[in-house]
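Below: the structure, in structure tokens.
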Amino acid sequence: MRRLTQKHFIRLCRRYSSSNAIQKKRFDKILVANRGEIAIRVFRAINEMSRRSVAIYSEEDVHSVHRQKADEAYIVGKGLAPVAAYLNIPDIIRIAKQHGCQAIHPGYGFLSERSDFARACVENGIVFIGPTPEVMARMGDKVAARKAAIEAGVQVVPGTDHPITTPEEAVEFAKTFGTPIILKAAYGGGGRGMRRVDSIDQVEDAFKRASSEALTAFGDGSMFVERFIQRPRHIEVQLLGDHYGNVVHLYERDCSVQRRHQKVVEIAPAPDLKEEVRNAMLSDALKLARHVGYQNAGTVEFLLDQNGKYYFIEVNARLQVEHTVSEEVTGIDLVQSQINIAEGCTLPELKLNQSDIKLIAHAIQCRVTTEDPARDFAPDSGRIEVFRSGEGCGIRVDAASAFAGAVVTPHYDSLLLKYISRARNHRKAALKMARALHAAVDTYFIDENPNLFKFVPSQNRGQKLLRYLAEVNVNGPQTPLITSLKPSNVEPIVPKIPTTPPPTGFRDILKKHGPEAFAKVVRDRHACLITDTTMRDAHQSLLTTRVRTYDMEKIAPFMSHNFANLYSIENWGGATFDVAMQFLHECPFERLETLRKAIPNIPFQMLLRGANVLGYSRYPDNVVYKFCDLAVKSGMDVFRVFDSLNYVPNLIIGMDAVGKAGGVIEAAISYTGDVSDATRTKYDLNYYLKLSEELIKNGAHVLCIKDMTGLLRPTAARILIDAIRQRYPDIPIHVHTHDTSGTGVASMLECIKAGADVVDAAIDSMSGITSQPSMGALVASLKGTPNETELNLDAISKYNNYWEAARSLYAPFECTTTMKSGNSDVYKHQIPGGCYTNLQFQALSLGLGNRFEEIKQAYAEANEVLGDIVKVTPSSKTVGDLALFMVQNKLDKHSILERAGELSFPKSVVELFEGRLGQPPYGFPEPLRSKVLRGKTGISSRPGEGLPPLDFDALQKKLEEKHGRELRDVDVMSAAIFPTEFDNFEQFRQKFGPVSHLSTRAFLVGLDVADETHVEIEKGKTLAIRYLATGKLNEKGEREMFFELNGQVRSIFVQDKEAAKNLVIRPRANLSDKGSVGSPMPGQILEISVKEGDKVCAKQTLFVLSAMKMEMVVEGMSFNLMHLPF
């Protein structure tokens, strides 16, 4: 007789015990003690097996999809915290018993590895779909699992031989075995409660964080410590065991692609794994499972070092997140197999003999999580506004709350869905994924390949535009409307445009032969040339600079084909730059680039404020030079360089910068006074001739007379232009005026007769009043004369019709609400055209609208008080500020001089007298200047002289950190000139997207119900947006706005600012405040390590956050003072 050894006796006992411990029984109703994606996965299997499913859900999950997918659903853990609800064993057992559930499937996470949960099920007559409580206790305890592996003859990593609960024990292990070490949750997995520690001084804090995280996730903070294996691959073997001692493997998975010890990508079978190593691993996994009598599904995990040696690390006694790839490569449904085994079926009955299990495919799983790559993958939460799912042959999607409108809370795991690709080989499976993995990797793969996470940020333009339209509809226009008039519903008609290339224009000459040759061609031309100001000065004067690129771009190709003989198109500079960002929410450089693409043949012209560039203050010289260089590269050609005081040093800097950039230097003399009045001693003919000489001597290609006020009477025009032409016969002369007095056309005709080569005009419907003279009138008046233009009146008529309709879209900014016509009293008050309308609207905003006649009179007196200065932005604004100040305070030119020592003058007046704009031609008036400055010393040299160069690289780095994206040189330049306006614009654009592509009416006042607008966001991509309805106000003070985007219903929640005034809004971090610390993720504060008034050092722990079962330490930055929202 054969001797019965102790080993055989134990095996027979196990087999006898197992065979009698289970009775075959079909489950009619199964409860799934989980949520989200895995719950739905199990429900699907239950449904396919024709069983009834029961879901549980916490109070926070009342809207969760998983409860809707089950046949029945019941609330669990009422009144408990979100995670604690799913850890409430008594309540789960109560629900199962109360509703007749014969079995419970735990899914993964939560209670899935808790032996006390499995035991509670058994004690209450409920089958736990998983291993027995005894096996779970042994395998779920990493220390006990190590012992079992050693007993089974499987190699293990050096580690603690029992769970530890104090940091001191971890420190002692580190001292004994050295670092690095790895801390792991003793009773859980999935990367929760896991920390790598590289030095002993980090052990205590890492232990606290990992233990706290494990306690939250698994209900037990006990830890296991082991030596950290450098650069391993993480290989795991999928097992199935029945209650009769049968165990099989479903091959291995490679889970080496990890971040924060959590698996990200899983591959089956493991690529580039030597066959002998694979077979040995599979054999050891089966050996360990048989040794402990393993039942149901489980995973044995190994670390494979670079020498091909592998070590057992743990058993996951549950279904795993990545079970899907094993299903795909073997064709076996693991969840259904689990249920069948729990019902008492044997593996052979399920046709799951090892010889029957073959590798039939290759598969890869990628986890999609609600984490933000821009914030180091911190868990994110909120409402999913847009969701697009990847689909197609060989793609499986396991998901739950992955749809538009789903709300992701901060309470649970960040896993949103899983993509599983399946193909005949690894490469093809990889190609089905967004990013292919062509070879074996180790657990450092993500850390050492940061390029994996250099994502092109999602533009999400459609949703952002919906948010903008919703914001406008709920809270009103996002650019302030000045009048009560509404934009018309007219769609301006663009005349027919030829499909052939546009004819050659003056820009072709400029680009081919250079500025000097360009100027010579202009001077040799007999025909009068015209600059069209419609796209800049005309709408600056009539519509407060509010015309958008959208309406310019539509008519631009027509101009290119029909007005190739224009000297230039003025479309940039001056006030258009800051207004574009501040009020139109568009990039001024993008405007220039867009128009240049549409009009390649006609020179573009801009207004450059000399050393002041485009701003209202002084800048370092390198800013002036770099701006001009960037402007030329972006498409600018002719630079009208002027100074608000005709201060030559300021002009020369601008002229030199333009010349070095390769642009046409059009040096401008700002006109004031009256050269036809022999009694005037200031600004006489000699003044202008002398100034012309200085500008020509300093390199002007073209000389401009800039009559920004409209003071150049016909007689004076003839005298001035004739004198300059006689003295300087070779320089082209360009004249600019405003038609405020109504004599603009007459004055320009006189200039042309006297020898001017170019004059400014605006298209008829955008001309007159404070704008430029009418283009059509000038062209018609010159017809049949030696100076007849080469422009076609029929084309002008079509062009005019377009702008007549387009102007009606800008009714909210229409100057004719306050000024019905031109006014000859401009010769008295001398208010420049653009300044005139702005001053009117300023008066209205100050409640002085009915006193504008007084303000005009005060303007004349203010000019006299200031010494009769040249008046053009910004000096014209200074005079206007003083005029308003005088009217508000009931002052006249006499009283203001008498009381100058006690008055608090407007800032612009003080800066003028300080010399920040330069030096006026006839000096500052005394003793007024001394009284205003009150002992301060003014600037006697050029204002920008001596300013240190701006460090553009440092500024770019600072801005990119602030706004979170790569910036172009032109963006940095915009910020250098207008820092506040650029910051606001950038934040606006990131929030609301490319609003410049919206139609003007929609941009200004939004859509009416059932209105539809088409938005071409780029060539070949057009969004169809229809506004459907506005929802009621909710408890958060929000309204839900409903739209259709390309036929799909979308909704946006918008805070109703008026209704939400009484709501308490939590403060948010201010990105522009370096001492302001924001939360890196929404969640719960577990621990606060500082108090108000503390001095915070860099890297000092401020507080600990918990969200989605992950903890994060928020540290201080390198600033002494920080603002914390206590």
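Using the three backbone atoms N, Cα and C, a Cβ is placed for every residue, glycine included.
Keep in mind that TrEMBL annotations are predicted by a computer and have not been checked by a curator.
Taken straight from TrEMBL:
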DOMAIN    26-477  domain 'Biotin carboxylation'
BINDING   Lys142, Glu226, His261  ATP binding site
DOMAIN    146-343  domain 'ATP-grasp'
ACT_SITE  Arg318  active site
DOMAIN    528-797  domain 'Pyruvate carboxyltransferase'
BINDING   Asp537, Lys706, His736, His738  Mn(2+) binding site
MOD_RES   Lys706  N6-carboxylysine
MOD_RES   Lys1109  N6-biotinyllysine
Tertiary neighbours of His261 (ATP binding site) (same chain, Cβ under 8 Å, six or more apart): Gly191, Met194, Arg195, Arg196
His736 (Mn(2+) binding site), number of other Cβ atoms within 10 Å: 27
Additional residues surrounding ATP, by Cβ distance to the Lys142, Glu226, His261 centre under 8 Å: Gly159, Ile182, Leu183, Lys184, Met194, Phe224, Val225, Ile313, Glu314
Sparsest Cβ surroundings (other CB atoms within 10 Å) among the binding-site residues Glu226, Asp537: Glu226
Least surrounded among the recorded positions, given as Arg318, Lys706, His738, when other CB atoms within 10 Å are counted: Lys706
Cα separation, Lys142 (ATP binding site) to His738 (Mn(2+) binding site) (Å, whole number): 86
Separation of alpha carbons, Lys142 (ATP binding site) and Arg318 (active site) (Å): 14
Cβ-Cβ distance under 8 Å to Lys142 (ATP binding site), same chain, at least six residues away: Gly159, Pro163, Lys184, Ala186, Phe224, Glu314
Inter-residue Cα distance where the pair is Glu226 (ATP binding site) and Asp537 (Mn(2+) binding site), in Å: 74
Pairwise Cα distance for His736 (Mn(2+) binding site)/Glu226 (ATP binding site) [Å, integer]: 82
Pairwise CA distance, Lys706 (Mn(2+) binding site) versus Glu226 (ATP binding site), rounded so that it is a whole Å: 81
Largest CA-to-CA spread of ATP binders Lys142, Glu226, His261, angstrom: 16
